[in-house]
Amino acid sequence: MHGRRHLAASLARALTYAPSRSISSTPSLLQTLDPSTPSPAAAPPTAGRLAELRQRLQADAPSLGDFTYSVEVGTRKKPLPKPKWMKETIPGGAKYAGIKAKLRELKLHTVCEEARCPNLGECWSGGETGTATATIMILGDTCTRGCRFCNVKTSRTPPPPDPDEPSNVAQAIASWGLEYIVITSVDRDDLPDQGSGHFAETVQKLKVLKPEMLIEALVPDFRGDPACVEKVATSGLHVFAHNIETVEELQRNVRDHRANFKQSIDVLKLAKEYAPAGTLTKTSIMLGCGETPDQVISTTEKVRAAGVDVMTFGQYMRPSKRHMPVSEYVTPEAFERYRSLGVDMGFRYVASGPMVRSSYKAGEFYIKAMIEADRAKATTAI
């Protein structure tokens, strides 16, 4: 009995006074106290397993950007609850299912899914207007930038673009029976032409297969390179879109450091200069990022001064906890005031509402009508 008490006391002292001792050393300690304890067989990992483990840890580890984005400034402890007007509808319908199946078959990506757009089902099925639309994302699914609002994955060195993607995208879109398509892309700062050639080729191939389809290109800023802007603007599209994302004062808080307000405005001006007559330019901003009404008005005035034809306002929705928080949920009444203000400023069309996104079915329905009206006028003039 005395021997057992002595053994227990020795074990307690060893565990209490040697907290730095690793778990792997416990068997040898037990053997010292009780020689009858069997020794486990050593099984050191192979070099290959170690290399694989390092790769997995590196892939799963949070980046500095993840850490930065997860830090919320201010005293709010809980995210704002969603108001009743932000209810989302469940995607569905035969056309929705058909488009989704074709996307999986050809391994294509849509920003509708990547960005978790709440209007996905409505746009793909055609909704009330009957104008079914979709937004295809080309140049891969990995962006070279890391904006604080965006859910698309990022990397400094994404995989190279698929050379067959322009043909695959054109064939898929031509088979869907859509009337209006939005083609967008991730930023590709790693490519010499920022991906503009790939973009233009996709538009051109689609025009060959389905010349009557209306095409909107929602492009990155191409780092402001005029040659890249010209390449896409003259590719045969009907709408050249580039989003400024937020008001001028919040650009550095919301967007990647390589993007800025002046560069985006210059891209929209260049597009208007290079594109054929009748091509519309378009941009969009999110509300609920911390902007003031005066900042929204000032930014909208500068966008209109750049000759932009179409503008949309929508509510920022936080994709995950590592993204910037929602500052406020802007009311439908406020969105309507911004819409009315934009119309008064001279925009040809303004879409404004909590669920509006830059690529939005209802907006595309009206843009389609505008383009067709312009075509009719041009035909009459001839």
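Don't overthink the numbers, they just go from 1 along the chain as shown.
Every residue, even glycine, has its Cβ placed from backbone N, Cα and C.
As annotated by Swiss-Prot, transit peptide applies to 1-30. Sequence annotations record features per position, and here Swiss-Prot assigns compositional bias 'Polar residues' to 25-34. What Swiss-Prot lists as region 'Disordered' is 25-46. Per Swiss-Prot, [4Fe-4S] cluster 1 binding site is recorded for Cys112, Cys117, Cys123, Ser359, and the stated evidence type is sequence analysis. The domain 'Radical SAM core' feature in Swiss-Prot is assigned to 128-348. Taken from Swiss-Prot, the feature [4Fe-4S] cluster 2 binding site applies to Cys143, Cys147, Cys150.
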Shell of the [4Fe-4S] cluster 2 site beyond Cys143, Cys147, Cys150, same chain only (C-beta within 8 angstroms of their C-beta centre): Arg145, Gly146, Phe149, Asn151, Val152, Thr154, Val186, Asp187, Asp256
Cβ neighbour count (within 10 Å, all chains shown) around Cys150 ([4Fe-4S] cluster 2 binding site): 21
Within the predicted model, mean pLDDT of the domain 'Radical SAM core' (128-348): 92
Coarse DSSP state, helix versus strand versus coil, of Cys150 ([4Fe-4S] cluster 2 binding site): coil
DSSP three-state assignment (helix, strand or coil) for Cys143 ([4Fe-4S] cluster 2 binding site): strand
